[in-house]
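Reading through the structure tokens given below for one structure.
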């Protein structure tokens with residue numbers, strides 16, 4: 001991958017810790033990483049246990065002045081961001097610079113809806129988790145601990161998927177028309193094609 005290129009990852013169906021570890025390493029190496037669809041990230045273990053863990057984390061606060069921290073993020077993207085932060089030396093200049101190279105998003109807002117999204121096989125649930133094992137969705141966990149935008153994100157995702165379907169249909173139609181056009185003119189241009197092939201201009 002080119003040095004200045006942005007790596008766009010689709011968080012859906014990836015395990016939280018494994019994905020965070022890989023992302024942390026990449027940002028430390030100097031790559032810019034964007035993680036979309038954070039609400040679709042999975043956590044191993046059943047939902048109830050994960051919720052109890054998060055509720056226990058919500059109780060951790062500074063007794064005399066809770067506004068001083070620790071801060072408890074509710075959005076799935078911020079929960080993932082904090083997980084990555086825990087894997088970085090974020091109190092050093094190097095760690096801070098690495099964290100600035102990471103961008104996390106709920107859903108797939110523009111311009112990332114038009115960009116090619118990658119997956120990380122080493123962090124995929126289907127690869128890493130036995131089919132019988134229980135797992136939880138980060139989006140549901142976030143919603144139950146105070147994230148207010150689950151419905152909004154879901155609606156926007158439905159709209160995006162509909163647009164993508166229309167775009168794909170148009171693309172297929174154009175490809176079909178192009179093939180047909182090529183077939184139609186094949187006989188007319190065959191002699192020119194032969195000349196181009198003999199001169200090595202057409203493979």
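Glycine too: its Cβ is placed from the backbone N, Cα and C atoms.
Remember, predicted model here, so these are calculated numbers, not experimental data.
Under the heading N-acetylalanine, Swiss-Prot lists 2, citing similarity to another entry as support.
For the recorded site, residue 59 (citrulline), the DSSP three-state label reads coil. For residue 59 (citrulline), no same-chain residue that is 6 or more apart in sequence has a Cβ closer than 8 Å to its Cβ. For 59 (among others), the entry in Swiss-Prot reads citrulline.
The annotation phosphoserine is assigned in Swiss-Prot to 77. Sequence-distant contacts of residue 77 (phosphoserine), defined as residues of its own chain at least six apart whose C-beta falls under 8 angstroms from its C-beta, comprise 35, 38, 39, 104, 105, 106. In the three-state DSSP scheme, residue 77 (phosphoserine) falls into the helix class.
According to its DSSP assignment, residue 140 (citrulline) is helical. The Cβ of residue 140 (citrulline) has 17 neighbouring Cβ atoms from other residues within 10 Å, across all protein chains displayed. Look at Swiss-Prot and you will find 140 (among others) tagged as citrulline.
The N6-acetyllysine feature in Swiss-Prot is assigned to 191. Within 10 Å of the C-beta of residue 191 (N6-acetyllysine) we count 9 further C-beta atoms, all protein chains included.
DSSP gives residue 191 (N6-acetyllysine) a helix state.
Straight-line distance linking the Cα atoms of residue 140 (citrulline) and residue 191 (N6-acetyllysine), rounded to a whole number, equals 63 Å.
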